[in-house]
Amino acid sequence: MKTPAPGRIHSIVLVLLSLAVLQTSKAQKVQNDIDIYSLTVDSKVSSRFAHTVITSRVVNKADAVREATFQMELPKKAFITNFSMVIDGVTYPGNIKEKAAAQEQYSAAVARGESAGLVRATGRKTEQFQVSVSVAPAAKVTFELVYEELLARHLGAYELLLKVRPQQLVKHLQMDIHIFEPQGISFLETESTFMTNKLAEALTTSQNKTKAHVRFKPTLSQQQKYPEKQDTVIDGSFIVRYDVDRPLSGGSIQIENGYFVHYFAPDSLSTIPKNVIFVIDKSGSMMGRKIKQTREALIKILDDLSPHDQFDLISFSSEATTWKPLLVPASTENVNEAKSYATGIQAQGGTNINDAMLMAVQLLEKANQEELLPEGSITLIILLTDGDPTVGETNPLNIQKNVRKAINGQHSLFCLGFGFDVSYAFLEKMALENGGLARRIYEDSDSALQLQDFYQEVANPLMTSVAFEYPSNAVESVTQDTFRVFFKGSELVVAGKLREQSPDVLLAQIRGQLHRENITYMMMSHVAEQEEMFRSPKYIFHSFIERLWAYLTIQQLLEQMVSALDAEKQALEARALSLSLSYSFVTPLTSMVITKPEGQEQSQVAEKPVEDESRGSRVYLGPMRFGHSVGDRTSRKPGGGLKLLNGTPLFGPPGPPAAASPFHRMTSRLVLPELMSPLAPASAPSPTSGPGGASHDTDFRIKGTTPTALPFAPVQAPSVILPLPGQSVDRLCVDLRRPQELVNLLSDPDQGVEVTGHFETAKARFSWIEVTFENPQVQIHASPEHVVMTRNRRNSAYKWKETLYSVMPGLKVTMDKEGLLLLSRPDRVTIGLLFWDGPGKGLRLLLQNTDRFSSHVSGTLGQFYQDVLWGPLDTADDSKRTLKVQGRDYSATRELKLDYQESPPGKEISCWSVEL
């Protein structure tokens, strides 16, 4: 292929599953030149082990050479196993080599003046892969990337994450996710940040006892963001969550092709009491949002302590101080006192990690010596810091040595690194050396939730000193088979290789300690039966257990290398490298070299990134190219996307500005003549469909109302607008006025729903509204900052006006670009939440299908769905009347209000209003 002159090359970043798109001033034309005519994602999950294939087919429609860049995101724990490009019928594969050999080939290319174009960077949950190639006029290119990962169980669920961002309409776009779980699938749910009601028509899910198939295949019209435009609405994450049945307490053993995997997660055990010390950094670098979020999270965590637990707090800056001289029981009184203490923590001073950690160990040792630790309980230390040590002992190696010597294998240490100014490698090694783990807390609006989620992972220990044993005449080798603690909602995984002449039955023994007793499980698995089970399903990729064994072994070897000494570390590295090369995994020890057509840049190298010692992100850029396009002039921040340096950042193709919603959100059945205001002349009903003509599952629109824009009216939106179907008045405006903070808005035990709110009387607004469902057990907490959905102790945060589409058994949760959050269930009342920006701004509650409330509904708002008696109009003033609810009289006044179901600034409506 002839290489065009540099001056004639235009760059297009072709995004499949990507972070961002850089555009030149002719970006729209260039994007149209490079056409993605097919994009498929095929993910096969076989007993937690996911094998994902991304295939993209593109054609250059221009009459000149164009450069296309394949760019995608994959999960952090995944290993790339293959990449190839097919150009003009010729396949150009990626070859996995030892990193040193790949670097030598890369350096030689650099010496020839060629560039290495692969960019790899860590994000919060994903890593980025990128490779570019020049495409001749009318030529077609097929990109294919394969990666594998073991889905870990967190808080009772496995999660498969896919990023979908094509940045243009794709004629053939299809995702297929096949799941096979021999234990049986207990629940399955999907969630998307880009799904609309129109796109949801292209999503299908089928499921039986052991198999599930999720397919997403949208048409071109379903993908369109705007009519007659090429912009796509598909831009974000697609997530599948599920869990499996566990009929046997000893777990599940699965065998295929001479390898086995043992999954262990008993769920019927009682929680072991814990003694936990929270060590909180309050140095000057924590000032501002960090310390505020830390206080917020700590208060929530303290509320979650079990009455059987004991705890204490240590805060440190230049010096460390304890809240109490000894651990105290987590009684209501002590927890409330600790919350008051946490509220007063202020940031200032240096960072003395060494003294704080030694003080924590001394507290536990003192409690142990005085026999204050309950029998059978476990001890945890949780450290939160955002920076490197600056006061006292500042040498990280000495601190690690001091902490290791003090703990002496008696306690588990968990280290949380807040932001990117902390040495993550320092914290990780210190945690791994002491039976715990490290976690980075990303500095963002949901940092407090990240802290709470981490605590939930370790909040409920079920077993300690867990050991797996297999007969030596049956098993040749196994992965890690001893574990210090098993926590509720997680899973222990052991994989191994069987001997060639192994018995027909594989036996396993699992020993562990409960709160007050030891326990032993016995398992037996027939090899031939297991082999047959994995031989038949057509969509299961075979030899997956062998690859799972290799994957898990490599991950554990890399983890052991963190705390190993030189000689041991070299041996671990040699074994991990050998397995990486044998099974074609791109790991931190290997690189993939991408070959390309003659005449093009010959060396592109993919590396597996690791958390950097100081900034949490390793970016492998190679030399920067110049003269090709502005797309090369980029900067990067840790975990972030790409940003233009020479002008306005452009992400994605331009489109028309977001238009105001063409429809009202609430539905009322009737507007009575007595409610009509002279300021509100009759007008045509609102349209009955959303953008693009798509009808919505739940239609919050006002039909037949007569709103008029308010040029001067000093009216505001009420606290709540209640639709009253079947009553003589079709809606009621409610204003909360009485001094009250926590308000029980409505509760219906038959519907299994409760809505509460925190009302700030001084500001006349809700600071939060919370909706709790009994089945499924889901809680939605809405604040002006964001929406938090909690299920199985797992928190997910969403910003207002970010598209959300989550479907779980018995509940659908959606949010559109205007910020309307809908919670809908079959044959139940639909609840909406909205943060309204108009006059009287704040959180608002919306209700539909209120005729479905039962006769047992109650609460400040729920009472109006009992027997309500409306009195006649006041003879002296027809804008007043009385209504009687459950024997209590309320005065109602006909007033002008702003309808918050409209986009701000809202429309004026006439409404009967009551003050509570």
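One-based numbering along the chain as shown.
Glycine is no exception: its Cβ is also placed from the backbone N, Cα and C atoms.
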Recorded disulfide counterpart of CYS733 (Swiss-Prot; options CYS415, CYS911): CYS911
Swiss-Prot annotation, O-linked glycosylation site - which of THR219, THR332, THR705: THR705
Per Swiss-Prot, the candidate from THR479, THR708, THR761, THR772 carrying the annotation O-linked glycosylation site: THR708
Annotated residue, O-linked glycosylation site, per Swiss-Prot; candidates SER317, SER683, SER747: SER683
Region 'Disordered' range according to Swiss-Prot, out of 390-413, 678-701: 678-701
Residue from THR648, THR706 to which Swiss-Prot assigns O-linked glycosylation site: THR706
ASN82 (N-linked glycosylation site): tally of other CB atoms within 10 A of its CB: 16
Local Cβ density at ASN518 (N-linked glycosylation site) - other Cβ atoms counted within 10 Å: 9
ASN208 (N-linked glycosylation site) and ASN82 (N-linked glycosylation site), distance between Cα atoms, whole Å: 32
Rounded Cα separation (Å) that holds between ASN208 (N-linked glycosylation site) and ASN518 (N-linked glycosylation site): 37
Three-state secondary structure, ASN82 (N-linked glycosylation site) (per DSSP): strand
